[in-house]
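Participant: Sharing a structure here in structure tokens format.
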Ligand SMILES: Nc1ncnc2c1ncn2[C@@H]1O[C@H](COP(=O)(O)OP(=O)(O)OP(=O)(O)O)[C@@H](O)[C@H]1O
Ligand SMILES: [Mg+2]
């Protein structure tokens, strides 16, 4: 459903994406792993049109021209949360809902979504700046899923969360895929997340997809880069200084 | 040879950069204006900006006008005394405030207060990916952020200028009757008799133009802010400097347009 076709992107002399090819089927959960700074976040932003690829093509349902229609059934959790700090938490979560629902109905949904990410109703009226990093992340997650979109991107959903909360979030993302049939792409460095969330895994290295396959194959991929990465070894083909 | 051509090359590069920036700002302005008329409209955001930009700027604009009017009365009295024409003080204070000092000083104060805060706010939203988040929530940042600010500033600034004119004239009046021994009734009559509608009207039109420029510079530089705290700082500075310079340049052009013989 989401297809990357030889996507290239440079920032000045920094050649970040050097020909990414990737296919995400409808209703499946793709997890992208890869070293810090390899361009995982940039790849997602290319799909949204927030970053324009230098060359190559990204299609959603076979087309690449109707971005507004795509965005209307889309949700995203940003790596840094990206909450609107001028709005209270519940209005962040209900941002999209308030366009075609009454304030009270939108607020009720927002509070229900906050509960799903493990936040009590009393955070609803606080401002994002008053929350801890992990709480902000979860509010961002609640905002991403609030309108029950068909396509959701999660950029590092569990970084900054305690292990229990990370477990809750992993289960939630898995649930969204299996129960709501959403198509998701998740970026994570957390191997527990990878194993809980993924149907398929892709490893980005050196601007290309180094390896991709079903989660069951991850442990015997036969790819030295993947092996080094998932076991967190300092020595191997991936250099520690990049 | 390079020693000779280097300054020329630098000059050329600067001119090109200025032209490119002018082009980008013009496109940005055209885009913003085109969004003013197309739905969705964010009425609540507009009201908030009217309060932020208009209402909350009243104290600073009022104080500026008050002291300027007072100083103007003293200067015109001193100047007028050289030609035994002290009685021109009320009318010249009024004309000077309404045509020039009200809009220009009001515009500059609003530039300092509003262009900076718009650029810092939008710039911070840019670097913390809040603008990107707006896009993913099917909200056009141009409509949601830029249009309310530009509209609010363009509508509020003439009102601020009008209030500033009145307070400035009152500053001149207070100085006139307390320090320069004018008769209160005569001062007021002199002010009203000589002030024409277009003296005030031209100042209000200037105000609308300056308000537009202030918000435009704040939004443009905020939306194009560089990365990190340094980027936001640079955007804020650029917004205030460019808004101030544009106000003074536009003031000259408008004065030329309205009053040149
Ligand atoms: N807007 C931008 N302008 C310039 N360079 C950028 C921009 N966005 C990203 N980059 C660069 O692109 C590279 C990849 O960044 P990206 O954020 O995609 O990394 P990442 O794989 O998500 O890393 P992490 O796991 O640390 O989040 C980095 O070198 C970064 O400096
Ligand atoms: Mg990232």
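FYI, residue positions are counted from 1 along the chain as it appears here.
Quick reminder: no glycine exception, Cβ is built from N, Cα and C everywhere.
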Participant: Kindly point out the range from B:9-30, B:31-52, B:53-74 that TrEMBL annotates with transmembrane segment.
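Facilitator: The listed stretch tagged transmembrane segment in TrEMBL is B:53-74.
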Participant: Below 8 angstroms Cβ to Cβ, which residues of this chain, lying six or more residues outside the transmembrane segment (B:53-74), approach it?
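Facilitator: Non-local partners: 89, 92-93, 96-97, 101-102, 105-106, 109-110, 113-114, 149, 152-153, 155-157, 159-161, 163-165, 167-176, 179-180, 211, 215.
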Participant: Under an 8 Å Cβ to Cβ limit, what residues of the same chain, 6 or more beyond the ends of the transmembrane segment (B:232-254), are close to it?
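Facilitator: Here the qualifying positions are 100, 103-104, 107-108, 111-112, 115-116, 118-120, 123-124, 127, 202, 205-206, 209-210, 213-214, 217-218, 220-222, 224-226.
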